[in-house]
Amino acid sequence: MVSTLKRDEALFELIALEEKRQREGLELIASENFVSKQVREAVGSVLTNKYAEGYPGARYYGGCEVIDRVESLAIERAKALFGAAWANVQPHSGSQANMAVYMALMEPGDTLMGMDLAAGGHLTHGSRVNFSGKLYKVVSYGVRPDTELIDLEEVRRLALEHRPKVIVAGASAYPRFWDFKAFREIADEVGAYLVVDMAHFAGLVAAGLHPNPLPYAHVVTSTTHKTLRGPRGGLILSNDPELGKRIDKLIFPGIQGGPLEHVIAGKAVAFFEALQPEFKEYSRLVVENAKRLAEELARRGYRIVTGGTDNHLFLVDLRPKGLTGKEAEERLDAVGITVNKNAIPFDPKPPRVTSGIRIGTPAITTRGFTPEEMPLVAELIDRALLEGPSEALREEVRRLALAHPMP
């Protein structure tokens, strides 16, 4: 019966087109990366056939003896990678990881404090269009106008004034290190839980290149892709197993049913890869590439928000060049360089236009790009933005990309 099924040519033609787009372009979106072949093999395995509601040793379905071992392997590797006492690898996404944690630590109507989306925060840190902004009272902190760095004095003042139940540290567009110790001191002062969302920089934490939030946070959430280079999914960590038990119940049966065990297998592979010495060298190059690319663009007259970066990403203020983020994204996309338009701190333009772009180096570093090649990448970006798209420039980008094979 199965052997007579007709191949879905239309769908697989689209997959081939997407593979061609990825192979022939430069991926500079900070939240994207290329997984290894063994991660793809795990995610595409027969594990996708199995339902496994519950947790290892406590399932609501039979036949989970192998699945239990797969999930347990992912849990133990996650704990070892980040130095955590407890881990939940079932969240389908970072947003669902955050939702479960909030629901475990707060009641609807309680006060949540997080970084303003306009300053670099994430939708789930209190945006009014997100569940976090609808279920909870939200207080947002931002950055200083003069330095574009987090204003810890403002964080403390707002915390003392509003007494939040949860304070979130973490962002989707902040290029500098976080002072987790200072955030924990503020949280303790007002009796709040500190939740760190390390979705963007988890891989750098694993490699020892970014401060680890586990010694300070009550709970840490993350995605498993981005700098961690795994499949798309979520992860929750804590050094408090009692809090972990509460969060377990909120993931299942609270907001999810059956876990995606094929994706959890891919997470296990990614954790295994991140535990290898090679991952530290990869992560070092991610940061060095970001620093060098930011420096090269600054040398060409672009203003880099905060003056540089400590991690895998940076923001470019395009106003000195007379461009919007939307225009820049479109021009770069036309020559095969993918970035995303992004608001800069105190941006006067609307979110669908923006004054800036966000650039990240995890994906091109996976393909073997080195700091010595960043001047060329900066030159291609500069030419696309100032001269506009051309077939000749598109071909230059294509040749450069093909010289760095995808995994």
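A Cβ is built for glycine as well, from the same backbone N, Cα and C atoms used for every other residue.
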Swiss-Prot pyridoxal 5'-phosphate site partner of Y51, G94, S95, S172, H200, H225, selected from G133, G258, G266: G258
Sparsest-packed among the binding-site residues, when each Cβ's other Cβ atoms within 10 Å are tallied, from S95, S172: S95
When distances run from the Cα of K226 (N6-(pyridoxal phosphate)lysine) to each of the binding-site residues G94, S95, G121, L123, the nearest one: G94
Under 8 Å by Cβ from H200 (pyridoxal 5'-phosphate binding site), counting only residues of that chain that are 6 or more apart: A30, S31, G170, A171, S172, K226, T227, N311, H312, L313
Candidate with sparsest Cβ neighbourhood (10 Å radius) among L117, K226, E242, G258, the listed recorded positions: E242
Tertiary neighbours of G94 (pyridoxal 5'-phosphate binding site) (same chain, Cβ under 8 Å, six or more apart): T124, D197, A199, T221, S222, T223, G234
